[in-house]
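Feature annotations, courtesy of TrEMBL:
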type	residues	note
TRANSMEM	B:12-33	transmembrane segment
TRANSMEM	B:71-96	transmembrane segment
DOMAIN	B:72-262	domain 'ABC transmembrane type-1'
TRANSMEM	B:108-131	transmembrane segment
TRANSMEM	B:143-163	transmembrane segment
TRANSMEM	B:184-207	transmembrane segment
TRANSMEM	B:240-261	transmembrane segment
């Protein structure tokens, strides 16, 4: 056999073998900008592996319910799940996810930011690969800050933020000094107030899983939040979540906004934002107690136990969360649009270092420690949540009580009293106390 | 004088009716208008009503990102199939309850209706497990069965109400002329109840078309109908209201057109027996 024939035969064999192994994997995901971009680039994965992809895109809460139902009943509808930092360690501990401990050398698992890898692991085993990660930080209007005669420090305190918010507020021109989440829901206003409470020295539970809403730091947190928002926040802030505040900020109606770092690419995009060229960034505020009020979150890809397409699913995860994928997005859509917050190498890349929000995003992520999030010791992992299965239900109820305070329907004291009872009752029923 | 009052009253009634109609239709109108805006225009404050740069960009994006025709076809099969099978089961059931009632007929009717009072999520896990066992997850046939069963009490109730308006003597006369039970239902009862049956079919088709809980929970990639198509454009982290509106408009367009063309039949059926 000539060399040419041998080469042709080998190629044909490889093609036949690829075709024989080609599979269609089903991925459950959310409709966030980075995920949509990934869907548009899937052809690259298909070209490289022969596998095709079916997308099931759902709203975040629907996705959680849908995926939880499927995974607990072993329905096998999905080969890859898009889940967050809250679910991953819990589901990993339950044996519902396949460990990602055999990813290829080329993938360079050690390049994943330690905070992300830690939050997506259980007992040191990685159960989900971060597609993009985020913390929270201050996004502020540089022009309004200048007009107010103030200068934003890189790491401000809450007192400074309150003062700056009051100085930037201009009710006649519909400018609110500060916009913050107030909407009920553990992942909306609940996440914000929990992260904020860490910087006031509050915590959800003591080491014996007793609720801590009857302590002074919680009263301080809520009183400060309500006071500042009443002085300088937008009308109806009790129902504002991420999207509502994004809308206000993009229309030039907020002096400052403390929220997910991923919002930086939205507010600096001149196609959508009227204030794109006058946005500055700073670390989330603190109170001098050693803990800042920023959170840590990742949207990550995991493989449910029981899938029949584990190998193809792993190939997809390696592709979507790889350094090559970041390069691919940069090439097609620019460095400002690559999925942030997952890999160390991204922040070492000079091209990405030129992106205005890159430095502050990394510093925010690095300053968040889910294993040590509170001033006083606490028994749970997580910053804006406690990684226990009961938390989502409890925190949703508690955040509803807090939202009622923001809407002026009850006092801070009443809300904290109810939060204490709700949490202790639920923890007792769940067998923690 | 009385003529003047009548004209004034007519004018007031007309204005009132149009105002209420506009109020009810406004959310749909706003969705349609938003679908022609850019994302920045969609969140503009004050809101832009008609004077903005109209664009078809959102429709192009939605069309590019999603296989609309597959979702549409699934919706047609699921809504059409569940309604037709439901009506085929409900006609004999409603006939027996309307014309051959027993002591327990009222109780049975109430019991059927009471199944609608159970929150759907209460039976999600049992049904999900049954679907896994039967291999019905993410299949159109599975959804046809579930949605048919969910809407069956309403179909039976509606048909029962219409059938009660038909004099039993006519059916009796048909029987005396030698009609079998099957012939009595198909050739005598059904033609007389056509308006009622038509409006029942239309209403249940709309209910099945809009059903979101089961269609979102029991489907993945293959059998997902238009409700899942809309849900895929809802985002908690990002402002995609214009695209969401375009997807919603595309999802409701077929049912809006169907409703527009069949409104006469629908109104006739819904008011059947209301005035004697």
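Positions of Cβ are set from backbone N, Cα and C atoms, glycine also.
Bear in mind that TrEMBL entries carry predicted annotations, made automatically and left uncurated.
Of the Cβ pairs linking the transmembrane segment (B:240-261) with the transmembrane segment (B:108-131) and spaced 6 or more residues apart, fewer than 3 are under 8 Å, so the two regions do not touch. Sequence-distant contacts of the transmembrane segment (B:143-163) (same chain, six or more residues past either end, CB-CB distance under 8 Å): 77-79, 81-83, 85-87, 89-91, 93-95, 97-99, 109, 112-113, 115-116, 120, 127, 136, 189, 193, 195-197, 199-200, 203-204, 207-208, 211, 214-215, 218-219, 223, 225, 269, 272-273. Sequence-distant neighbours of the transmembrane segment (B:71-96) (same chain, 6+ residues past either end, Cβ-Cβ under 8 Å): 140-141, 143-145, 147-148, 151-152, 155-156, 159-160, 162-163, 185, 189-190, 197, 200-201, 204-205, 208-209, 215, 219, 223-229, 251, 254.
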